[in-house]
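Below is a structure I'd like to ask you about.
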Amino acid sequence: MSASLKRITAFARVKPTSDFPQDVLKFRADNKTIDVFVERDVSKGVVNNKQTNWSFKLDGVLHNASQDMVYNVLATGLVSQALNGYNGTIMCYGQTGAGKTYTMTGMTESYLNRGIIPRAIQQVFKSVEEHGSQFITVRISYMEIYNETIFDLLSMMPLGAAMDVPLSVVESPYGVSVKGLTIHPAPTEEVALNLLFEGNLNRSVGQHALNTRSSRSHCIFTIYIECHSRILSDARYVTSKINLVDLAGSERLAKSKSEGQGLKEATYINKSLSFLEQVILALSDRNREHIPFRQSKLTYTLKDSLGGNCNTVLVANICSEAIHIIETLSTLRFASRMKWVMTEPIVNEKFDAERMVKNLEKDVLYLKEELAMHNSLVRRGLGWPGQAELRLGLPQMQVKHQEEMLLEHVGHTAQKLHNNACFSPSLPFCQAGLVDAEGHLVGEVDGQGFGIGVAPFSSKPGGKKSKAKKGKDLSSPTSKKEGPVSPQSGKEVEPVSPSRSQVTTSGKEPEVKETRELDTISVDTHRSDSAAKEEASTRPSSPPARPAAFEDFKNERGSEINRIFKENKGILNDRKKKLSEVAHRLNLLKQEMDTARQALEAQKLEREQQGEYLNDEGQIIIDEEEFLLIMKLKDLRKQYRADYSELRDLRSEVQYCQHLVDQCRNRLLTEFDIWYNESFLIPEEVQEVLRPGGAIRLGMIPINRVLTLVSNSSSLVGRLPTISCRRLICCSVVTAKPLFHLLGLYQNHVYQIADKQWHTAS
Ligand SMILES: Nc1ncnc2c1ncn2[C@@H]1O[C@H](COP(=O)(O)OP(=O)(O)OP(=O)(O)O)[C@@H](O)[C@H]1O
C-alpha cells in the first residue's frame with residue numbers, strides 16, 4: 001500500500017429513541033463496535049442456519065451525540081484539510097427517516113441543532129478571516145439527483161431552450177464534473193448560508209409513513225475553495241472542494257407505504273442506492289478491474305469521492321428501534337464495506353500560467369537591465385581596445401543564454417496554457433463564450449468539481465424561471481454578467497441583505513401583505529376531508545378582513561408555527577442584544593488599549609530622552625511603570641482577541657437566526673394565505689382535487705394532470721413534467737375555476753402561468 005493511500009472512514013450515527021432495544025443492539029466500550037442480535041426466525045424451521053448475530057467495527061459510533069460533537073468528529077479535520085488543498089466528501093447514508101438530513105443540514109428551527117453544512121460554511125469563513133496571508137475565494141453549488149435526473153438547486157438562468165438540455169456528468173483528466181451546473185461566488189458567510197437556504201427550498205421532499213419530510217432525491221452541496229498567497233507574488237495556488245452529500249433514504253415499500261409518484265421515486269432511490277453498493281463492492285475488491293461508476297448518475301457524480309483523490313467520510317445513519325433492525329443491518333454492512341475502499345488524497349496544486357509568464361517576463365527585463373548596466377560600465381572603463389569585448393564576452397554570453405532559455409520557457413508556458421484550455425472539460429462552453437456565474441471563463445481556474453460553468457439554460461423542469469424575465473434578458477443582471485442573481489427573485493444576491501431578511505427594528509410583527517412573494521417553504525395544506533367539508537359548509541358569504549383572519553389564524557391553525565416564530569425571534573433578539581453588548585465592550589477595550597499605548601509611547605520617549613540603561617547582556621532596562629504598562633497592554637490585547645472571537649461567533653449566530661426567523665415568518669404567512677384561500681376563496685370543486693385521495697397528491701404533482709383541470713388554460717402551459725410540493729401554492733391557483741376569478745389576488749402567478757413558468761414573481 002502506497003503511503004498516500006487512505007481508507008474511507010465510516011461512522012455510525014444512531015438516531016435517539018426512547019425505546020432502545022438492549023437485547024438487539026449493543027455498543028462496545030471501544031465506541032467503535034456494534035453488535036447486532038436478531039432472533040432466529042422460527043418460521044424457517046428447526047434446522048435454520050441463518051446467522052443471528054453480527055459484529056461491525058467502524059471508525060466510531062455516535063450515540064446520543066450532539067450536532068456539535070458530530071461536526072467535531074466528522075468534519076472539522078476534513079474542512080481544515082480542504083483549506084490546505086485536499087478535496088473532501090462527507091456522505092450520509094441510511095434508511096429513510098434515520099437522520100441523514102438532520103445530520104447534514106440540521107433542524108431549520110434551531111441554531112444549536114444546525115447540521116454539518118452550515119457549520120462547515122462557518123469554519124471555512126472563520127479561516128478566511130484568520131488566514132490574513134492568504135487570499136481565499138469561496139464558491140458554492142447545490143444540486144440534486146431526482147429520479148435519475150440532475151437538477152441545479154441554485155439555477156437562476158433565464159428560461160430558454162433549457163429544458164431540452166439536461167445537466168449531465170462529464171469526465172476529463174481533471175475529474176468528474178456536472179456540465180451546466182451553476183457555481184456561485186460566496187464572498188461572505190451570509191451569502192453562502194443564503195445559497196444553502198435557497199437551495200433547500202428547491203429540494204424535492206415528500207411525505208410517507210416513515211418520514212413526514214422525506215428527501216426524495218440525492219443532494220450534493222459543494223464548497224469550492226481557492227487559496228492564493230497574498231505575500232508571495234507566487235504563481236502557485238491550491239484549490240479544493242468539499243462535497244456534502246445527503247443521500248435519499250432506502251425504503252421498504254411495505255413500511256413506507258409509498259404509492260403513485262412516491263412509489264416511482266422510491267424505486268429510483270432504491271435502484272441508485274443498489275448501484276452505489278455495487279460500486280463499493282467492486283472498489284473493495286482489489287482484483288476487480290472494472291468499477292461500474294457509470295451505471296447511475298449518483299455513482300458517476302461521486303466517482304472522485306469514492307475512488308479518487310479525496311478525504312472521504314461516510315456517516316451511516318441508523319434507527320435503533322428493533323423494528324428497523326434489518327435496515328440497520330444492511331446500513332452497517334454497507335458502512336463496513338466502505339471502510340475497505342481506498343482513496344488517494346493529494347494537494348490540488350495549481351499554477352497560474354498567466355502569472356508565471358508575467359514573472360518570467362519580469363526576469364527577462366531585469367536581466368536585460370543588468371546587461372545594459374554592465375555594458376555601460378565596461379564602456380566607461382579604461383581598457384584597451386578589445387579588453388571590453390573580452391570582459392564583456394562571458395557575462396554577455398551567459399545573460400544571453402539565460403534570456404533565451406527564459407523566453408523559451410515563456411513560450412512553453414504560454415503553449416501549455418493554450419493546450420490546457422483545449423483539453424479543459426469546459427471547451428464547449430469556452431467556444432460558446434459562456435462564463436460561470438462569477439464571470440469566470442468556464443474551467444478557467446480549477447476545471448474540477450462537480451460543476452463547471454454555467455447552466456446555459458434552465459435546468460429544472462418547472463423550475464423558477466420566467467419568460468417575462470427572458471424578455472428582459474438584456475437588462476437582467478445575469479445577462480450583464482454582473483454577478484450572481486438570486487434564483488428566487490432574479491435580484492442580485494447582495495453580500496448582506498438586511499432589507500430583505502432583517503426583522504423590523506420596531507419590533508412590530510409584519511402585517512399580512514396582499515402582494516408579496518409566495519415563494520416559501522412547502523407546507524402541508526391538506527386538511528382532513530371532514531374538516532374541509534365542515535369548513536366549506538360554514539363558509540361565510542363574504543371573506544373576512546385579512547388582518548382579523550390572520551389574528552385568528554395565529555391563535556389556532558397557525559399557532560405552532562407562530563410559537564416557533566416567536567421563539568426564534570426571542571432567540572434572535574437575545575443574540576442581537578449580546579452582540580451589541582460585546583461590540584460595546586470591544587469599543588471600550590479599544591479605547592483602553594489606545595490610552596495604554598499612548599502612555600507607553602510617552603514613557604518610552606521619556607526614557608530615550610533621559611538616556612537608556614543597559615544590562616550586562618546589552619538589553620535596555622525599563623522602569624516598573626513602563627513594565628506594568630506593557631503587561632497591561634498585553635492583557636488587554638488578549639482580552640480583545642477573545643472578545644473579538646466571541647463577537648464573530650455571535651455575528652454568525654445572528655445571521656443564522658435571522659434566516660430562521662425569515663423562514664418562519666414566510667411560512668406563517670404562506671400557510672395563512674393557503675388557509676385563507678381554501679377557506680374563503682377557492683371554489684369547493686377545486687379543493688376536491690387537492691384533497692388526499694383526490695386527483696392531486698401533495699408532494700410531487702404530475703403537472704399534466706393539474707393542467708387538464710383547467711378548462712381553457714391548457715393551451716397556455718406547455719410540457720412540464722413534475723413540480724415539487726412547494727409549488728403546490730401555484731397549483732392551487734392554476735386549478736382555480738374560473739382561472740381569472742383570482743386574477744386580482746394572484747396576478748403575478750397567473751401572468752407567469754401564461755408564460756409557462758413556475759416562478760415567484762419578482
Ligand atoms: N439525532 C437526532 N436527534 C434528534 N432528532 C433526529 C435525529 N435524527 C433524526 N431526527 C429527526 O427524525 C426525523 C427524520 O430525520 P431526517 O429527515 O433527517 O431523516 P432522513 O434520513 O433524511 O430521511 P429521508 O431519507 O426520508 O429523507 C426528523 O424529524 C429529524 O428531526
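Heads up, the Cβ atoms here are built off N, Cα and C, so glycines get one too.
Whatever TrEMBL says is automated annotation, not expert-curated.
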Do you know which of 355-382, 579-606, 691-718 TrEMBL annotates as coiled coil?
579-606
Cβ neighbours within 10 Å, counted over all protein chains: which one of the binding-site residues GLY94, GLY97, GLY99 has the most?
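That would be GLY94, with the highest Cβ count within 10 Å.
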To what whole number does the mean pLDDT across the domain 'Kinesin motor' (7-341) round?
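The average pLDDT of the model in the domain 'Kinesin motor' (7-341) works out to 85.
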Report, as numbers and ranges, which residues of the same chain sit near the coiled coil (579-606): CB under 8 Å and 6 or more residues beyond its ends.
622-623, 625-626, 629-630, 632-633, 636-637, 639-640, 643-644, 646-647, 650-651, 654
